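Q: According to Swiss-Prot, the feature signal peptide maps to 1-18. The pyrrolidone carboxylic acid annotation in Swiss-Prot covers Gln19 and rests on experimental evidence. Summarising the annotation, Swiss-Prot assigns disulfide bond to Cys23-Cys165, Cys90-Cys183. Swiss-Prot lists Asn33, Asn56, Asn72, Asn93, Asn103 with the feature N-linked glycosylation site, giving experimental evidence as the kind of evidence.
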Amino acid sequence: MALSWVLTVLSLLPLLEAQIPLCANLVPVPITNATLDRITGKWFYIASAFRNEEYNKSVQEIQATFFYFTPNKTEDTIFLREYQTRQNQCFYNSSYLNVQRENGTVSRYEGGREHVAHLLFLRDTKTLMFGSYLDDEKNWGLSFYADKPETTKEQLGEFYEALDCLCIPRSDVMYTDWKKDKCEPLEKQHEKERKQEEGES
């Protein structure tokens, strides 16, 4: 299975690289300790576009999302603390992502199956993307994240260029709206509780 995945990705490389030079951002690279350091901390979900209908439906309800990545380099896992606003309510969830270093992917079990995403970087180090089904033209898609809730025109431009590489219309992009976030109070409460626990220990 892993071998067939690698062969499929390798077969895509000439296609991706033959297009706009920025398509190189869609070529998965191995995840290193430096990579894990780079993604550590707080990230905001900005936008996404998927051809996969299941993923499209799941993101339509999202009004705002931010999360924290805390990697464990020894166990190749990432502790995820996620704050998501849907239907004007805050939903908090914590879980672990598995890191597949050689494939450049992270995965999470949800709904009884494993969801895999490629970790992709843009030129701006304050942004990142996750690519889904990059070996399946009928289902592939991208989600875009930044270290702040609002992005610059240049940052969004890089995301759009990546979508162009996959021939996904920009009209298909779904955006979040930080003004609709309902989770900031809960985040502050959690932060206060953590500081109290640290003080007691």
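Every residue, even glycine, has its Cβ placed from backbone N, Cα and C.
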Q: What is the interatomic distance between the Cα atoms of Asn93 (N-linked glycosylation site) and Asn103 (N-linked glycosylation site), given in whole Å?
A: 26
Q: Within a 10 Å radius of its Cβ, which of these disulfide-bonded residues (Cys23, Cys90, Cys165, Cys183) has the fewest neighbouring Cβ atoms?
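A: Output over disulfide-bonded residues Cys23, Cys90, Cys165, Cys183: least Cβ neighbours within 10 Å is Cys90.
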Q: Between Cys165 (disulfide bond) and Asn72 (N-linked glycosylation site), find the distance joining the two CA atoms and give it rounded to the nearest Å.
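A: The separation of the Cα atoms works out to 33 Å.
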Q: Taking DSSP as the reference, which of helix, strand or coil describes Asn72 (N-linked glycosylation site)?
A: strand
Q: Looking at the recorded positions Cys23, Asn33, Asn72, Cys90, Asn103, whose Cα is closest in space to that of Asn56 (N-linked glycosylation site)?
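A: Minimum Cα distance from Asn56 (N-linked glycosylation site) across Cys23, Asn33, Asn72, Cys90, Asn103 lands on Cys90.
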Q: These are the glycosylation sites: Asn33, Asn56, Asn103. Which one scores highest on other Cβ atoms within 10 Å?
A: Asn103
